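Novice: Take a look at the following structure, please.
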Amino acid sequence: MVKICCIGASYVGGPTMAVIALKCPSIEVAVVDISVPRINAWNSYQLPIYEPGLDAVVKQCRGKNLFFSTDVEKHVREADIVFVSVNTPTKTTRGLGAGKAADLTYWESAARMIADVSKSDKIVVEKSTVPVKTTEAIEKILTHNSKGIKFQILSNPEFLAEGTAIQDLFNPDRVLIGGRETPEGNKAVQALKDVYAHWVPEDRILTTNLWSAELSKLAVNAFLAQRISSVNAMSALCEATGADVTQVSYAVSKDTRIGPKFLNASVGFGRSCFQKDILNLVYICECNGLLEVAEYWKQVIKINEYQKNRFANRVVSSMFNTVSNKKIAILGFAFKKDTGDTRETPAIDVCKGLLGDKARLSIFDPQVTVDQIQRDLTMKKFDWDHPLHLQPISPTTVKQVTCVWDAYEATKDAHGICILTEWDEFKNLDFKRIYDNMQKPAFVFDGRNIVNVDQLREIGFIVYSIGKPLDAWLKDMPAVA
Ligand code: NAI
């Protein structure tokens, strides 16, 4: 029986390995992590991450050929294939590349541990998103410490999206495997191909050299984020000119050369990877002297920052230029619907912007806990991607913030509502009931374009919806830049 071990039991390691276990009953899969609470949760009824469909997959395999454990060394030692899916955050501390380069501390320590505990040859698979040529560094660590054991390193970046991870893993657009172009490298690539071939059609399993695989992952995230920044940049122009960004992006999407996906204007992109991977790309470009290319990709992040600031400024300027002591309901805190992940969510920046103007916030998200929200609002930028158990938990809480478990409670007596995540349940709220219980004038700021603007205006709300024609009230307020 082939044995697989995956180091890192989070959004990538957990679902990916659960699906491998489901699709390959002949393979034994162990998912390991240094976080005891996280592994305990994987072994309980309350999984540590929310992902539609994940519960059912885990239930089917756990205890049969899928195991979650903190005994990292034992499972690495016994495995034929070791996936490494640890965090690769942006480097926060001072030093070379701080604020841009990927911090490979977690990866390096995993590689050293693999070399230390291994007693048989292994294929080591880079699942984390890493800078180009990381495999080369990892290979050096493994071979210099190998005591004669042979390691083949592969790059197998993950393209799943949170919220649709199980669907994406069941039916991937492609599986990408990069390896050394040597007989041993080819053999290792084939071994990993054989795993995916249990359910992925062969023509969707692409093989490349190591660097192409690593760079492809950064390129995909950069291209996706760039589409969002492009439509968001358009949304600002639509508001200034009276065009409707929904109509513009629909017209654009009908061009078969462009296609319909990732063209919704919003308050900005979040997601754990977009910003960090683009910063990483920028750093690699700079290191290679490609300053114009670096500048081009930097702009994608700048527009995203601009969009988040523009939204917060719009809220303040619409409400007589102050939200001091006003209650603002925040509907949605996760970076997208169907996940509880808040890493780099635009909600953090918008909330911090409003708190900076002394607003009182009442926050409701169906999947994000009070602790998580408080931690996010007190944490420094970039710290979100370091494992929680390795950080001191901030003892401070933001007093002007309350978290509630119901949209109606959040909006009661509020002056304004900010919709920051596109949860389906927000589309079907009883806005008449909400309006009746709010302070007047009552404002809705829709950062995801999910409400029916005309209906809400009819009820009496003053509505701002990203990239849509402004109503008279908003036109009369100071311009937002
Ligand atoms: P995460 O950052 O949520 O968690 C990483 C896990 O690794 C933590 O549970 C941590 O305790 C564990 N860990 C760190 N060092 C360890 C060690 N030495 N031994 C055992 N466990 C260790 O990770 P997430 O979101 O699953 O991402 C993993 C990688 O996959 C990152 O490089 C990310 O960029 C990439 N990725 C993430 C996607 C996402 O949607 N979250 C999608 C595609 C790629």
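Each Cβ is built from the backbone N, Cα and C atoms, and glycine gets one as well.
What TrEMBL says about a protein is an automatic prediction, not a curated fact.
Among the features that TrEMBL reports, NAD(+) binding site is placed at 8-13, Asp33, Arg38, 86-90, 128-129, Glu162, 273-276, Arg343. Taken from TrEMBL, the feature active site, nucleophile covers Cys273. According to TrEMBL, the domain 'UDP-glucose/GDP-mannose dehydrogenase C-terminal' annotation covers 329-453.
Context for these features, please: burial, neighbours, distances.
Specialist: Its own atom aside, the Cβ of Tyr11 (NAD(+) binding site) has 23 Cβ atoms within 10 angstroms in the protein chains shown. DSSP assigns Tyr11 (NAD(+) binding site) to coil in the three-state reduction, placing it in neither a helix nor a strand.
Same-chain residues at least 6 positions away in sequence with a Cβ under 8 Å from that of Cys273 (active site, nucleophile) are, in sequence order, Thr129, Asn221. The DSSP secondary structure for Cys273 (active site, nucleophile) is coil.
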Novice: Could you list, ordered by sequence, which of these binding-site residues: Asp33, Thr90, Gln275, have a Cβ under 6 Å from ligand 1?
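Specialist: So the answer is Asp33.
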Novice: Quick one: give me the count of other CB atoms within 10 A of the CB of Gln275 (NAD(+) binding site).
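Specialist: By my count, 23.
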Novice: If you average per-residue pLDDT over the domain 'UDP-glucose/GDP-mannose dehydrogenase C-terminal' (329-453), what number do you get?
Specialist: 90
Novice: For Glu162 (NAD(+) binding site), which residues of its chain lie six or more apart in sequence with Cβ-Cβ distance below 8 Å?
Specialist: Tyr11, Glu51, Arg271, Ser272, Phe335, Lys336, Asp338, Thr339, Asp341
Novice: Just give the helix, strand and coil counts over the domain 'UDP-glucose/GDP-mannose dehydrogenase C-terminal' (329-453), going by DSSP.
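Specialist: Per-class counts: 42 helix, 19 strand, 64 coil.
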